[in-house]
Amino acid sequence: MTENIHKHRILILDFGSQYTQLVARRVRELGVYCELWAWDVTEAQIRDFNPSGIILSGGPESTTEENSPRAPQYVFEAGVPIFGVCYGMQTMAMQLGGHVEASNEREFGYAQVEVVNDSALVRGIEDALTADGKPLLDVWMSHGDKVTAIPSDFVTVASTESCPFAIMANEEKRFYGVQFHPEVTHTRQGMRMLERFVRDICQCEALWTPAKIIDDAVARIREQVGDDKVILGLSGGVDSSVTAMLLHRAIGKNLTCVFVDNGLLRLNEAEQVLDMFGDHFGLNIVHVPAEDRFLSALAGENDPEAKRKIIGRVFVEVFDEEALKLEDVKWLAQGTIYPDVIESAASATGKAHVIKSHHNVGGLPKEMKMGLVEPLKELFKDEVRKIGLELGLPYDMLYRHPFPGPGLGVRVLGEVKKEYCDLLRRADAIFIEELRKADLYDKVSQAFTVFLPVRSVGVMGDGRKYDWVVSLRAVETIDFMTAHWAHLPYDFLGRVSNRIINEVNGISRVVYDISGKPPATIEWE
């Protein structure tokens, strides 16, 4: 019998802040399970979840507007600790009898708050002291409205010159509100405050650890599928790789992985996937060479969105054909992770500000009545990587830069041809190899090469030649929503350019992309 790692749990009600998933990740980092729900949950749902504590997130709305989101009244009657962050503090103050007003000046960025009264939330936590010995905290503010009167049974814990109620508390009820964002690294003691709330005030044990998550997932897979056979589309990406390793540990040879080589992978990637998962780890893998099929389907197509759809459609066709060849397969495994679940829920309710379409395998033939196994659906990406390490997958594979689902299909601009893919693969491999040699790979968030379908004149020996152009792209980002182009050293870029032009016959010019996001996107297509 495995330990119940969901025994202690935090409920986070989402009011729409861009930082809400970060709050959840911080709670998970403290070893405590949490879930992220839309703000308008019912009393029955909260009772059923049975949280040890509730966090009210920030949000873009104004509590001074009549129809702005409010926490369900039951939240304040459930008898559990509450932590309101920014908008979450404002709605708590307003709903419990305080007052909120639009501020004349929007407070955004660094601020220093002075602790004026003792509170369990910040006791012994400080960044500096005032001349008369009062604790100071360096925090990150992002708000327009502010609380101008706190509920009568609350006390002021901390304030700034422009924000008289930066922290408020009702110690008896264990209700706390902060006007800043403790989840961001700019709030230097933010993690300690979250730890104080989750571990001390809510009294949650650190049960959510990689080893225990693996034990729990293995037990749940075995309980769900029993002795049945399971099929998984293995791409070699992080999510499908960790899913494969978890299933292999749980059910061994009853798992069949289908690896579709679409001809759009990185240099030697197919061989590496087959060697690692087949030869090294001993998984049962069906290798499907399908390069010709994908490239013929893409022939003549220049539109990026159309290319994506073609690649997705052909993958499903190939996967379905292989699945039908297997006997007695009852379950389809997918590497769905928690952000996918959150996005799907947001899409269904229409509450998300930005929704991207998410595609897993999907589209299986109607005659295949399969159940769905999603062992990663409670996990964030950083948790998936930690579990992968625990399962023995190599660090370099788990922490390599993101690679688009359509692969080189969207890194070859315009029509995709085998010649272009082969040139791009070799050029990109040189760029990545040089980044690693210069100890720059882990200093940038994503780096890759793009094939441009234009010829440029070059000089080779005594002759002139017209060959293709590639662009190097490297960015630095925290969340991939915005990004800066990476200021790589000139001598490094020169070395990469020389190697590509000299070693990859067919490329005569290398350029470097210095566009930020916005206005550009990270990928070219």
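Using the three backbone atoms N, Cα and C, a Cβ is placed for every residue, glycine included.
Taken straight from Swiss-Prot:
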type     : residues                                 : note
ACT_SITE : C86                                      : active site, nucleophile
ACT_SITE : H181                                     : active site
ACT_SITE : E183                                     : active site
BINDING  : S235, G236, G237, V238, D239, S240, S241 : ATP binding site
DOMAIN   : 9-207                                    : domain 'Glutamine amidotransferase type-1'
DOMAIN   : 208-400                                  : domain 'GMPS ATP-PPase'
Candidate nearest the residue listed as 'active site, nucleophile' in space, where candidates are the recorded positions H181, S235, G237, V238 and distance is Cα-Cα: H181
H181 (active site) to V238 (ATP binding site) - Cα separation in whole Å: 30
Integer Å distance between the CA atoms belonging to E183 (active site) and S241 (ATP binding site): 30
Near-site residues: ATP, ref S235, G236, G237, V238, D239, S240, S241, CB cutoff 8 A to centroid: L234, V242, T243, A244, G335
Predicted model, mean pLDDT over the domain 'Glutamine amidotransferase type-1' (9-207): 94
In three-state DSSP terms, the structure that D239 (ATP binding site) belongs to: helix
Cα distance (Å, whole number) from D239 (ATP binding site) to E183 (active site): 25
Secondary structure of E183 (active site) (DSSP, helix/strand/coil): coil
Candidates C86, V238: member of the recorded positions with the richest Cβ shell (10 Å): C86
Cβ neighbours of H181 (active site) where a neighbour is any other Cβ within 10 Å: 23
Least surrounded among the recorded positions, given as E183, D239, when other CB atoms within 10 Å are counted: D239
